[in-house]
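Just below is one structure, and these are the notes that go with it.
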């Protein structure tokens, strides 16, 4: 174990994390120049196209240091986007150290700070790295001072590098060897292996990524997943180099994968402990906090016949993504689909795009909402994932919405505009921290205000220089209300929303205006009602189309005309009573703010 080093690379999105991983792999000779490609650890097409890391990946590197000793370096690459911050904490739990990468042209950003404190809380040794020093607009000295004032890291400890050209990468490798401690563990103790991640393989079933904390694990041995007490026999095991490489043993301190015919992802819960059936451990390792979805949206196929394909796609995606939640939903207006839970808007976008690409399904995805906590009259609490499922007010004591602690890092000159935006979004100021050229703005804001257009507006008013990080804080009582839309006395469930009292008039007025534009006129009036607690707060009418029944009456007796008009009047009454209007789905999408993306 003396020559093993386990480390992660953590950074804000687009600070050069994957490029540095590529360079480390190339220098350690794990892959030939012919096989080398950009973002080699980003195996999904989506990761390469978007230039982001979505799933944490691991690779074993062999490095001969200046002291002539050979070292095994286990690198776990991590995502940079805030939506996937849970992957960062999971990766760090398998490591003794981390490279904190900061772009020398952009400086410290919100997610940089979040990752830094996450590593500090987990007592991870940090090696600070200033990347992209080859860029013309990089300012290493200025950013070094920024790091020193914000994080307390001395400038002389910061390594300057360019992952693109390879400058400074050898210095990083030497720092990993010299400054990170080897793993702590006992080879003679009962096996304790932490499950870092798990995913589905078409041939091997569930593959489990583990870090051996104590003991050794050999191929063919029987293991116990400690939370379920289920016993499995190891069929294959190995490590990534970055290609999947088989081995017969994983030793104390190492990171590797095992395949043991586990059929579903629940069979190997992330954060669980694996031990030997023949020599079991009595204690489980400390796991991870359970991840709960933050954002919910409904997904429907545009063609109802594709429902089964959508169901199969979600089942398979959830095998590789334990944070994806879904349940069956049937909407009167949109048909059969699923209510899905995501970690954030990027996570939602990734899932949608993977479903469309990998399963050839054209999808409709509704406007995202948050989960609400309800304190009922009998003092029981329930959590509701969809506004249409919120009970009637007479059964509710309190409606509570999720509140987030929102940190914004921005140049000082945009402070006024950002504060105005936060106030507009019902934010309460918690703190302002002034730095040399920047300011950290901390606000408590309802999550429902964050998940729609907050980030886009923030980028717009700061010319793209502000960065955002937010974490769930608690559920707070809200004065928001459930608004329902009825068309000809029929509830349109997909138009049920939770709206803050300040926006009720604006929302109801806009909804009626938009519906009047898109509902096709019939031979009877179509009445639109906006209701709160069954009380009508706004009304609109799509006027009927008048059919000229006298068109063929060229003159003649007036009584004949009166008879035809009376007959028409009776017919219209009957049509209004039993007639169904047709509301085109495309029209409904525009009202719902729904994203409908074609392939």
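Even glycines carry a Cβ here, placed using N, Cα and C.
Taken verbatim from Swiss-Prot:
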{"type": "BINDING", "residues": "14, 15, 16, 17, 18, 19, 131, 132, 133, 134", "note": "GTP binding site"}
{"type": "DOMAIN", "residues": "2-184", "note": "domain 'tr-type G'"}
Comparing local Cβ density (other Cβ atoms within 10 Å) for the binding-site residues 14, 18, 131 points to 131
What number of additional C-beta atoms lies within 10 angstroms of the C-beta atom of residue 133 (GTP binding site)?
-> 20
Cβ packing number for residue 16 (GTP binding site), 10 Å threshold | 23
Determine the mean pLDDT over the domain 'tr-type G' (2-184), rounding to the nearest whole number.
-> 81
Express in Å, rounded to the nearest integer, the largest CA to CA distance found among the GTP-binding residues 14, 15, 16, 17, 18, 19, 131, 132, 133, 134 named in the record.
-> 17
